[in-house]
């Protein structure tokens, strides 16, 4: 009975979300509560499950709020402007240097883990250059998508936050073992950028280019820039990331402190601080509310034991002799499944079941999580029609989604495939 209720919960959740009959936020709350009531659970028990789930995701929610705010402030203050200008200066009208510079720039900007912000910054800065040189219009969104995809494994991205919450672990357990895979993914993306740029250089040659990034900023953007504080902001950001890697403090605490210091340094007046918060409030609110709603979903599925029952039902369908390939299968299919499942649907609906199935077959469940993040809404998110940021990418790039997907898919799939293969070789995921 519990297994049936669990599968009905996930099926209805996926159906309503994918068909856009119900928002993800409401689906995460209403559907599990509805089926918990059908299952005969008392309102008091359901309430306790909800509170337990929210408590589990609270650190993740706080991390996301302050990480997004911190990097938004760095973008406002102009920390990345010298990098953009440097790439333009070094490229000197060479399509090959432009494509490589695009990859480097996107990877640096996407340290904030926010796809929408990354696409707005990189496309807005580079599209005029691509147009001026006559570079294939599909190459810019392709390279930006691939670069943002591999960097989306940073632990404060929305996808990683979901994975960390479901796997109930930290970045040291989930991400650190796949850092070699991430490195291979980065090298592959740089290789693809080199290949695409080489072909364009052969087609177009090297063209004289006169372009200044500062001239392209709006008046509002110029008012928020803090050019005299770039060095200080760079030191602060590098120190923050260093402390994060060394785990000197919990990530949420680091970003709370980092955000506070950054705000005080760059925008000391209360009027400026209020304006910056208002500017980014909608994005922060949406992300944080979604995480807490996900806590309701996972709290009820776990508290009612639906997850356990579904796992038991699922494992009966997997031949024991093939169960050892489960982590590798999850890894290889993770990127294409970004076209089918929203991040919430996959990480809160599918991953918990795969996790329990792995436990049944004596597979370390953390390997399932590692395999999933190698593509599912990381490498795959900039191509998925189920994420709003994808439409920001194609819209700003002035290309059709279908064209972008057709051009980029093979490169993105190979990224995930090579990352999965590396994870197997390094032992991050194993074949039993």
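We number each residue from 1, going along the chain as drawn.
Just so it is clear, glycine is given a Cβ too, placed from its N, Cα and C backbone atoms.
Because TrEMBL annotations are produced automatically, they should be read as predictions rather than curated entries.
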Item checked: Matching range for TrEMBL feature annotation, transmembrane segment, among 348-368, 411-431 -> 411-431
Next item on the list: Could you tell me which of the ranges 253-269, 304-320 is annotated in TrEMBL as transmembrane segment?
Entry: 253-269
Check: Quick one: which of 2-18, 138-154 does TrEMBL have down as transmembrane segment?
Finding: 138-154
Margin query: Please report, as numbers and ranges, the same-chain residues at least 6 past the borders of the transmembrane segment (411-431) whose CB is under 8 Å from any CB of it.
Written below: 142, 145-146, 149-150, 177-178, 180-182, 184-185, 188-189, 192, 324-325, 327-328, 331-332, 334-336, 363-364, 367, 370-371, 374-375, 379-380, 382-383
